[in-house]
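Trainee: What follows is a structure written as structure tokens; I'll ask about it next.
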Amino acid sequence: AASNHLNNLKGQRKNNKERNTKMRGLLATITMAKMLLILFGLMIIHQDVVDAARAAGAVGTANAVVTMNNTCAYYVGYIANPENCQGWGLCEGGILKATGNCGKGMLYDSRKGICNYASKVQCNTSPADVCANTADDTFIADPTSCSKYCFCSNKALIGCKSCNNNQLFNPSQSQCVNSYACPVNSNCRLVPNNQFVGLPGKNCGKYLRCLDGSGTLGTCPNGLFFNGISGKCQNTNPCGATTITPSALPPDTAMCKTSYSAAKGGLQYFPDSDTCFGYYTCENQQGIGVWRPCQYTFQFDSVSKVCVQSTQTKCTHNRCANINLKFVTDTSSPQCTKYFVCNNGQQSTKSVACPADFPHFDEVNQACSKTNPSYP
């Protein structure tokens, strides 16, 4: 009898073990099915939204992600590197002047603008980073794209998908929508809190006050205009009335090899020798020179290696390009006695001399003057 009882216990244990194994397999299957169902269900919801948007004739457009170079065109100061949790950049004169990394065990705190202990910084350079700090079975926005969304489970990234028809993913609604102020596209994305960053396009001359990667639109008082490169309000609009889009120059394969200083290191800048507003960047001596333009109305100063106002640098190329002026100083004339006439971004072939009673040309006031403005 004892032997039979022992055999029965062994049989029950074996059956329980097999039952538990099947149950774990079933739970895993259910969990995977649940995630797939959620993903499929969200796609159905998205398609309903898309169909409704089509019927209304309103389908949104996903914009390009803001980069360090984009940000520096409208900001002065330190910013975060969106591709490296330890990385930072320094914006100066409208360009990315320097880059670097925080020390061991430290991450760059984009909200405070400092290197901070890793335990105090939440870095979201990838969907996996976000999932590591997100509740289970949650949809998140892809921190690198406004049009993508991802699913997180057990602190891990399960997968990502794109919204249809150029829609944007709104994480608060967990669905794709036609219009959404996506932080990925905000000029504030890399800028510390309570800092001001300029705006391009039709909002040029205005600014964003940054908070947690997003910004609140603002304007300078008393009819002044915000200059993103200086970070200050000024009397004249830095954008001008019209914009002439400059043509990009091709990469220079010899620039870095002949001009880059290995002893100095870091990102270096060089004039392009063809325009007043363009420059090349080199990351190392073996790299290829990449051409970039200064922000509209600014010119590249070969001495300070930053973009400055046209009156703060001397250039002998076409000074009318990338600037909204009717007349520009002939910088080759002694004491600024001559000027060029601008027409559609091109300066006149010959310069014009100011009259004897007003012998000096004042580029700021756009008129000949009795006093020498003493430009470079």
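Each Cβ is built from the backbone N, Cα and C atoms, and glycine gets one as well.
According to TrEMBL, the feature region 'Disordered' maps to 1-20. Here TrEMBL flags 1-10 as compositional bias 'Polar residues'. The transmembrane segment annotation in TrEMBL covers 25-45. Per TrEMBL, domain 'Chitin-binding type-2' is recorded for 69-125, 128-184, 185-241, 253-317.
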Trainee: Take a look at 69-125, 128-184, 185-241 and tell me which one has the most Cβ pairs under 8 Å to the domain 'Chitin-binding type-2' (253-317).
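Mentor: Answer, by Cβ pair count: 69-125.
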Trainee: Quick one: mean pLDDT on the domain 'Chitin-binding type-2' (253-317)?
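Mentor: A mean pLDDT of 90 is what the model gives the domain 'Chitin-binding type-2' (253-317).
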Trainee: In the domain 'Chitin-binding type-2' (128-184), how many residues does DSSP assign to helix, to strand and to coil?
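Mentor: Helix, strand, coil within the domain 'Chitin-binding type-2' (128-184): 6 helix, 23 strand, 28 coil.
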